[in-house]
Each structure stands twice: as C-alpha cells, then as structure tokens.
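Notes follow the structure.
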Amino acid sequence: MNRHADVPVIDISGLSGNDMDVKKDIAARIDRACRGSGFFYAANHGVDLAALQKFTTDWHMAMSPEEKWELAIRAYNPANPRNRNGYYMAVEGKKANESFCYLNPSFDADHATIKAGLPSHEVNIWPDEARHPGMRRFYEAYFSDVFDVAAVILRGFAIALGREESFFERHFSMDDTLSAVSLIRYPFLENYPPLKLGPDGEKLSFEHHQDVSLITVLYQTAIPNLQVETAEGYLDIPVSDEHFLVNCGTYMAHITNGYYPAPVHRVKYINAERLSIPFFANLSHASAIDPFAPPPYAPARGNPTVSYGDYLQHGLLDLIRANGQT
C-alpha cells in the first residue's frame with residue numbers, strides 16, 4: 001500500500017471575514033502545512049471546479065492537430081514569437097502530456113509592460129472563437145476567479161508570517177500580475193513514450209522539481225499522480241477534485257529565507273486520461289520583497305532582494321534546463 005503525505009484540508013472562507021481570531025487560526029494551519037509536507041487543500045473557495053473540468057476536457061478533445069501547431073509556442077513552432085502563452089505540444093515517442101498556457105488578460109497592446117517589451121509579458125492568443133465558442137470568456141473569468149482565491153490565501157500567509165494581512169496586496173494585482181494558468185492534459189495512450197525512473201525506481205511522467213511561483217493553486221482530476229519528497233522518501237499526495245491543492249513556490253522560499261520551503265515534488269506515471277490545471281501565482285515584474293522570516297526563526301544569512309521579473313525569467317529557464325520543455 002502506498003503511503004500518503006499529510007495534506008490537511010483547510011477552510012479558507014474565514015480569511016474573507018472580519019474575525020481576526022478565525023483568521024489567525026487558519027493562518028496557523030497554513031503555517032503547519034507549509035512547514036510540514038508543504039501542501040494543503042483549500043476548501044470553500046467558491047469556484048465551480050466541476051464546470052472547469054468539463055469545459056477543459058471538452059476543449060482538449062475538440063482541438064485539432066492543425067490548431068495546436070498554429071498556437072504552439074516558439075519551442076515547438078519556430079514561426080511563433082511567444083515563449084509562454086500558447087500550446088505546448090505532445091511529441092510522439094518522447095512526451096505524452098500537452099497543454100495550453102495563458103497569461104494575465106489585462107495584458108493588451110496598450111498595456112505599459114507590453115509597450116516596453118518586458119520579458120515574460122505577452123498578449124494572449126486564443127483558438128478560433130467560431131470553433132471554440134466561449135473559450136476565451138470562460139478562461140478569462142477563471143483567471144479572475146482563481147486570482148481572487150490566491151489573494152485570499154495570501155492573506156493567511158501574511159498573517160502566519162507576522163505581517164499585516166494586506167502585506168502581499170501591493171505586489172499582487174490583476175493589473176500587472178505575471179501569473180499564468182496551464183491547462184495540462186495527460187492522455188491515456190496505448191503506446192506510451194519511454195518513461196524516466198526516479199532514484200527509487202518509480203516510473204515518472206514528470207521528474208522532481210520545485211514550482212517557479214510565489215504560490216501555486218492547482219486543480220486536478222481525482223486520480224493519484226503527485227508525490228512529494230519527505231524525510232521518509234517520496235509520499236503520495238491524497239487527491240481531491242473538490243478543493244484546490246496549494247503549495248509554496250521558490251520565490252516564497254526566497255523571501256522567507258527558507259522558512260516556507262518550496263516542496264520538491266514529481267508526477268508519477270499513471271496511464272489515464274486526466275487534467276492538471278495549475279495557477280502559478282506570480283507578482284508583478286517590478287515587485288521586489290526584501291527577504292525576512294518570522295521570529296524566532298533566524299537564518300544565519302539572509303537572501304538578497306531579487307525583483308520578481310528577474311526571478312521569474314531565470315527560474316523558468318532553469319526549470320527547462322533541468323527538466324526539459326514542458
């Protein structure tokens with residue numbers, strides 16, 4: 001029998017209320033989870049995840065190979081200028097999963113960051129509306145919804161870190177967030193590409209990594225696949241398709257001087273049709289939070305201040321170098 005990591009379910013609704021005692025209790029639970037396995041489930045978030053699953057499943061099944069190629073990012077289709085927004089292709093015999101990544105809907109041709117040509121900023125392209133009616137509207141609304149969930153969760157992190165609950169708000173705004181949503185499909189295949197093995201012999205669909213984000217807010221189909229590295233080895237993360245799975249990214253680890261580490265996790269091989277839809281909660285390009293840690297935690301040497309734009313650009317490149325193009 002596989003062993004499971006301790007991943008608590010935390011009701012986050014109280015973080016939107018006015019009772020500070022309730023907020024402090026939720027923050028304490030977030031603190032224990034992130035200092036433990038590194039993961040927790042956020043319950044009572046207010047998002048219709050069943051609708052998200054159905055819409056995304058139907059959309060993936062309706063996409064033609066020609067559409068995928070036209071939307072493919074530069075790593076797959078050199079004719080396209082985009083590096084983040086677009087389609088991430090499956091590669092026969094090498095890579096089974098495929099995905100579509102989209103960015104902040106606020107980024108348009110007139111946005112100051114787009115005009116400035118800042119790295120990691122792109123105006124979203126979308127599949128043809130006639131073939132996929134309502135897709136853009138649905139996913140732009142979802143971006144707003146999950147952004148709001150992340151903002152609520154960040155109130156809990158701020159309280160847990162001994163700061164004002166609004167601590168992250170000036171850095172995390174819909175106007176200029178570098179956040180992204182990936183609509184990842186892991187298909188069932190009769191002839192699955194060759195698999196890599198973990199050091200413990202586990203067959204893997206995606207190797208060990210840490211998320212390049214402040215926090216990650218994930219919806220996934222209720223099929224066991226994620227594992228987290230612990231002192232006891234890799235443990236399965238329990239599944240739920242009713243709650244969001246939340247973990248810290250490497251920027252949270254950086255600004256807390258390791259108080260909240262970014263958990264090392266991996267995707268084990270399961271040959272089943274399933275979805276993974278992470279929201280990578282990112283700050284703005286210019287945001288730079290001076291690293292700190294709550295007392296009595298006091299590292300011998302603190303981390304340097306790094307702007308979020310530089311962090312994200314280098315972090316994504318490092319992830320590709322280590323694990324290959326997703």
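Positions of Cβ are set from backbone N, Cα and C atoms, glycine also.
Binding site for isopenicillin N per Swiss-Prot: R84, Y88, Y186, plus S276 from the candidate set S13, S276, S284. Of the residues H254, H265, H285, Swiss-Prot places H265 in the same Fe(2+) site as H209, D211. In this record, isopenicillin N is bound by R84, Y88, Y186, S276; the longest C-alpha to C-alpha distance in that set is 19 Å. Distance from the CA of S276 (isopenicillin N binding site) to the CA of H265 (Fe(2+) binding site) is 14 Å. Break the domain 'Fe2OG dioxygenase' (183-283) down by DSSP state and the numbers are 6 helix, 45 strand, 50 coil. S276 (isopenicillin N binding site) has a Cβ environment of 22 other Cβ atoms inside 10 Å.
A Cβ within 8 Å of the Cβ centre of H209, D211, H265, the residues given for Fe(2+), is found for these other residues of the same chain: H208, Q210, T216, N247, A262, P263, V264, R266. When the Cα of H209 (Fe(2+) binding site) is compared against those of the binding-site residues R84, Y186, S276, the shortest separation belongs to S276.
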